[in-house]
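Structure first, then comments.
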Amino acid sequence: CSCSPVHPQQAFCNADIVIRAKAVNKKEVDSGNDIYGNPIKRIQYEIKQIKMFKGPDQDIEFIYTAPSSAVCGVSLDIGGKKEYLIAGKAEGNGNMHITLCDFIVPWDTLSATQKKSLNHRYQMGCECKITRCPMIPCYISSPDECLWMDWVTEKNINRHQAKFFACIKRSDGSCAWYRGAAPPKQEFLDIEDP
């Protein structure tokens with residue numbers, strides 16, 4: 001299973017459902033057959049939803065994932081102690097599906113800014129595009145992009161820009177990194193400016 005890293009804001013924008021929840025039970029279930037008629041197994045987590053940040057008007061009861069990490073299956077702690085932020089795809093009927101490529105992290109590892117941004121701020125930036133910079137030099141190709149530099153500057157994708165910044169559209173239609181809750185003003189120097 002391989003996936004490219006995403007900024008938490010991208011994960012929020014790409015997901016159908018974003019919730020804070022804990023897993024209370026786990027079992028293997030059949031979910032139809034593959035093209036050769038073999039049964040497809042999935043793991044079903046029964047969860048207790050604590051808060052929904054994005055999604056349908058109903059609580060999520062079950063989360064499904066593939067049976068092993070080799071096929072991108074996610075392993076959650078059951079027992080109802082550990083809380084997670086879980087972003088994933090809707091399956092209807094109060095169910096969702098997650099893979100290792102989705103944004104799933106223990107709630108207590110999120111920064112205060114990330115937790116606050118889930119309520120409104122990431123949504124404000126969903127029209128912007130976050131482009132990961134794998135090596136210097138890298139450039140934006142349009143004004144609605146923000147360069148995500150964590151990998152280059154700190155050799156880790158879960159660093160400064162991921163923890164403390166959102167990429168928000170300004171009044172002139174361009175996008176810029178911003179730390180705080182109001183939309184950024186034009187006079188701030190963009191991070192990608194030389």
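Each Cβ is built from the backbone N, Cα and C atoms, and glycine gets one as well.
Pulled from Swiss-Prot:
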type: BINDING; residues: C1; note: Zn(2+) binding site
type: DISULFID; residues: C1-C72; note: disulfide bond
type: DISULFID; residues: C3-C101; note: disulfide bond
type: DISULFID; residues: C13-C126; note: disulfide bond
type: DISULFID; residues: C128-C175; note: disulfide bond
type: DISULFID; residues: C133-C138; note: disulfide bond
type: DISULFID; residues: C146-C167; note: disulfide bond
type: DOMAIN; residues: 1-126; note: domain 'NTR'
type: REGION; residues: 1-4; note: region 'Involved in metalloproteinase-binding'
type: SITE; residues: N14; note: site 'Involved in metalloproteinase-binding'
type: SITE; residues: I35; note: site 'Involved in metalloproteinase-binding'
type: SITE; residues: K41; note: site 'Involved in metalloproteinase-binding'
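Sequence features annotated in Swiss-Prot and their locations in the structure.
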residue	record	Cβ neighbours (10 Å)
N14	site 'Involved in metalloproteinase-binding'	16
I35	site 'Involved in metalloproteinase-binding'	5
K41	site 'Involved in metalloproteinase-binding'	13
C72	disulfide bond	16
C101	disulfide bond	17
C128	disulfide bond	22
C138	disulfide bond	14
C146	disulfide bond	26
C167	disulfide bond	29
C175	disulfide bond	24
*Go through the chain and flag residues at least 6 beyond the ends of the region 'Involved in metalloproteinase-binding' (1-4) whose CB is under 8 A from any CB in it; none is fine as an answer.*
69-72, 99-101, 132
_Please identify, from the disulfide-bonded residues C13, C133, the residue with the sparsest Cβ neighbourhood, meaning fewest other Cβ atoms within 10 angstroms._
C133
*Please classify the secondary structure at C175 (disulfide bond) using three-state DSSP.*
strand
*Express the distance between the Cα positions of C1 (Zn(2+) binding site) and C175 (disulfide bond) as a whole number of Å.*
32
*Just give me the nearest neighbour of I35 (site 'Involved in metalloproteinase-binding') among the disulfide-bonded residues C101, C126, C128, C167, C175, Cα to Cα.*
C101
*Identify which of the recorded positions C1, C3 has its Cβ surrounded by the largest number of other Cβ atoms within 10 Å, counting every protein chain shown.*
C1
*When you measure from the Cβ of C126 (disulfide bond), how many other Cβ atoms are you left with inside 10 Å?*
16
*Do you see any of the disulfide-bonded residues C3, C133, C138, C146 whose C-alpha is within 10 Å of C126 (disulfide bond), and which ones?*
none
*How many whole Å apart are the CA atoms of C72 (disulfide bond) and C138 (disulfide bond)?*
30
*For C146 (disulfide bond), which of the disulfide-bonded residues C3, C13, C101 has the nearest Cα in space?*
C13
_Under a three-state reading of DSSP, tell me whether C167 (disulfide bond) is helix, strand or coil._
strand
*Expressed to the nearest Å, what is the distance separating C128 (disulfide bond) and C3 (disulfide bond) at their Cα atoms?*
21
